[in-house]
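Student: The domain 'MsrB' feature in Swiss-Prot is assigned to 8-130. The feature Zn(2+) binding site is assigned by Swiss-Prot to Cys47, Cys50, Cys96, Cys99. The annotation active site, nucleophile is assigned in Swiss-Prot to Cys119.
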Amino acid sequence: MGKVNKTDREWQRELSPEEYRITRQKGTEPAFTGQYWNTKQHGTYVCRCCGAELFSSDAKYDSGCGWPSFFRPLNGSVIDEHEDLTHGMVRTEIVCHDCEAHLGHVFEDGPQPTGLRYCVNSASLQLKTQEKNDEETYP
């Protein structure tokens with residue numbers, strides 16, 4: 001998949017107000033409220049904005065933080081990192097490589113084998129599950 005370039009107006013038409021606030025304006029959903037924070041379903045988490053495959057449920061774990069947490073992305077080229085100095089903190093923001101949607105942040109307090117915690121807003125994701133007939137579905 002190549003780079004996705006859309007105007008703010010196009011994103012506003014395609015996303016819910018909450019999805020737009022989080023993915024395009026770098027917002028954060030309240031902890032323990034997002035659709036996927038406690039989901040145990042198996043599948044692939046894709047970018048809500050462009051559909052790029054980002055994380056496998058095999059890398060998801062319960063970090064106790066209230067947001068979906070993963071110890072690694074599907075591969076190193078699907079997510080870009082940027083320094084985030086907002087809110088009086090120094091953090092590393094993670095964005096979708098293809099459309100630059102704000103996903104969340106990555107922290108160095110995760111489990112092995114990476115020691116990383118990709119803390120992601122549910123509104124930035126969509127879970128693509130596998131049905132018994134192996135066809136991909138979006139719940």
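Note: Cβ is positioned from N, Cα and C throughout, glycine not excepted.
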Student: For the domain 'MsrB' (8-130), jot down how many residues DSSP puts in helix, in strand and in coil.
Tutor: 25 helix, 41 strand, 57 coil
Student: Average the pLDDT scores across the domain 'MsrB' (8-130) and report the rounded value.
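Tutor: Across the domain 'MsrB' (8-130), the average pLDDT comes out at 95.
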Student: How many Å separate the Cα atoms of Cys47 (Zn(2+) binding site) and Cys119 (active site, nucleophile)?
Tutor: 14
Student: Would you list, in sequence order, the residues of this chain other than Cys47, Cys50, Cys96, Cys99 that have their CB within 8 A of the centroid of the site's CB atoms, where the site is the one recorded for Zn(2+)?
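Tutor: For the Zn(2+) site the neighbour list reads Val4, Arg48, Cys49, Gly51, Ala52, His97, Asp98, Glu100, Ala101.
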Student: Could you give the Cα-Cα distance between Cys50 (Zn(2+) binding site) and Cys119 (active site, nucleophile), in whole Å?
Tutor: 19
Student: Just counting, how many other CB atoms are there within 10 A of the CB of Cys119 (active site, nucleophile)?
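Tutor: Summing over all protein chains shown, Cys119 (active site, nucleophile) has 23 other Cβ atoms within 10 Å.
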Student: Near Cys50 (Zn(2+) binding site), how many other Cβ atoms are within 10 Å of its Cβ?
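Tutor: Excluding its own Cβ, the number within 10 Å is 19.
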Student: Within a 10 Å radius of its Cβ, which of these binding-site residues (Cys47, Cys96, Cys99) has the fewest neighbouring Cβ atoms?
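Tutor: Among the binding-site residues Cys47, Cys96, Cys99, the sparsest Cβ neighbourhood within 10 Å belongs to Cys99.
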Student: Using C-alpha atoms only, work out the spacing between Cys96 (Zn(2+) binding site) and Cys119 (active site, nucleophile) and round it to an integer in Å.
Tutor: 13
